[in-house]
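According to Swiss-Prot:
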TRANSMEM  55-75  transmembrane segment
BINDING   G306, P307, P308, G309, T310, G311, K312, S313  ATP binding site
REGION    508-532  region 'Disordered'
Amino acid sequence: MEGSKLLPCVHKSPVPTSHQLYINYEILGLTKLKKHKYTQNKMSSSDSSSAESRLATAKTVLTTAASVAATAMLARSLVQDYLPDEVHHYISYGFRSIFGYFSSQMTIIIEEFEGFAHNEVFEAAEAYLATKISPSNKRIKVSKHEKENNYNVTVERDEEVVDTYNGVKFQWILHCRHVESKHFHNPRDLNSTLRSEVRSFELNFHKKFKDVALESYLPFMVKRATLMKQEKKTLKIFTLSPENMYGNYSDAWTSVTLDHPSTFKTLAMDSDVKTSVMEDLDKFVKRRDFYKRVGKAWKRGYLLYGPPGTGKSSLIAAMANHLNFDIYDLELTAVNNNSELRRLLIATANRSILIVEDIDCSLELKDRTSDEPPRESDDIEDPRYKKVTLSGLLNFIDGLWSSCGDERIIIFTTNYKEKLDAALLRPGRMDMHIHMSYCTPSTFKALALNYLEIKEHRLFSKIEEGIEATEVTPAEVAEQLMRNDSVDKVLEGLIEFLKVKKIENEQDKAKTEKQELENKKKTKEGTDSVVKKEVDEQLVRNDRVDKVLEGLVELLKAKKIEDDQDKAKHEEVEQH
């Protein structure tokens, strides 16, 4: 139509019915469901593929690790079997250096021994860590001697103990390894040669706390351990164990608990001598700085001499109880040579008493100045079969080796002081000589107080008179005081015993004098025969009479000098 505008043609869809809407919604739902299932299947396929990938990766890692481990084991075996020890150590050091460069930890190794001597830090750590054992530790060592009151708890090997000091964590591990000796078989172990245990502690901490560990923590631990050991210390007496002589020398000393009841309060000896000994001991243990200032080794020597039964062993036990020192009983005949003696003595601990009983009988100590030719046994080349010499013993008592230890007491005992070499007796070796005499009235009163619990009795005066007139030992008097529970009967029996003992003394004295006269007579006869033989030899030495007579005069002069020297020496011994 003219003048009319053309409008765009718009297609209008028919309005869907409700049935058509339902079908469309159903189709749409099925489509979404298919899409959801497709997505799930795709994700499931992806997860399965990822798991397989991870499993393959794990297998690859394990295979690689096994290959590396096998290669490392093979390399280690080749290094140990075919490379010299020097190269082996060099390679090990290189690997440790590489791994240590990237580590923030520092390790301190504390071995049980420093050369021949005990390592004080190791002993302190062993005592200190016993108080740091926690429930996380699975293995510990516990021991107890029959007469000890406390259990000894120590860390078992390869156990880790953690300690915290001023907020810093320190990790301790005990390492042990056994070294077998082929020189000696231990009769207590039928399956192996003698085993010697080498022990060490490993201390780990962050390397930035190095100064704290060395300058503060370790000194604190040593001081704390020393106090702990003194508080719970049980006295011990050590003796040599021959079957352990060829391992560590500390293992050669075996100990038992020392439960000796002797004290200075109960000790029956002269009261003045007892007081003097106690004061000397107390002064010795308090003078550490003094010995250091004057340049002397911190040690003290005592010589106990006197007849058997006068209380030498009881005095040693009283000294140990007074100072709380362990005792090392050294049997010199069990030691093969000077080197072995030196190592055994160095293995003894500080704050201890070393005793050599009956030193005049325990070993033939040859005088260093003697011109006596060596015996056949002295020419044996193997040093293990050469005996201890006087020189070797003296070198440890006051030589350079005497400074290898602190707060030590050395005690020699003998029944016959005059038999000892003078070199053993001088100050610096045996500083104090203590004469353990026969029983005196004061000794008897001490015994009566200990055994009978009495201070006075009407029979004391008679007993004291008998004791002054008789050579009787405190041990013999003590035996009489134990004969009866009745005080009167005991003291009356002691009076009768002293009478019998006095008669025995007189008989022994007469017998001794008779023996001395016979010995002098034999000596004179032997001297006369020697002189006659020497004169005969002198007379045939020359054809000229004047030369013979001159030689004879010189011989007689020399013999007179020898006789004078022998006489002076005999008088000196008698006077002593």
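Residue numbering: from 1, along the chain as shown.
Backbone N, Cα and C atoms are what each Cβ position is placed from, and that goes for glycine too.
Features recorded in Swiss-Prot, as mapped to the structure shown.
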| residue | record | Cβ within 10 Å |
| --- | --- | --- |
| G306 | ATP binding site | 20 |
| P307 | ATP binding site | 15 |
| P308 | ATP binding site | 10 |
| G309 | ATP binding site | 19 |
| T310 | ATP binding site | 24 |
| G311 | ATP binding site | 23 |
| K312 | ATP binding site | 22 |
| S313 | ATP binding site | 16 |
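Of the chain residues outside the ATP site list G306, P307, P308, G309, T310, G311, K312, S313, N415, M436, T473, P474, A475 have their Cβ within 8 Å of the site's Cβ mean position.
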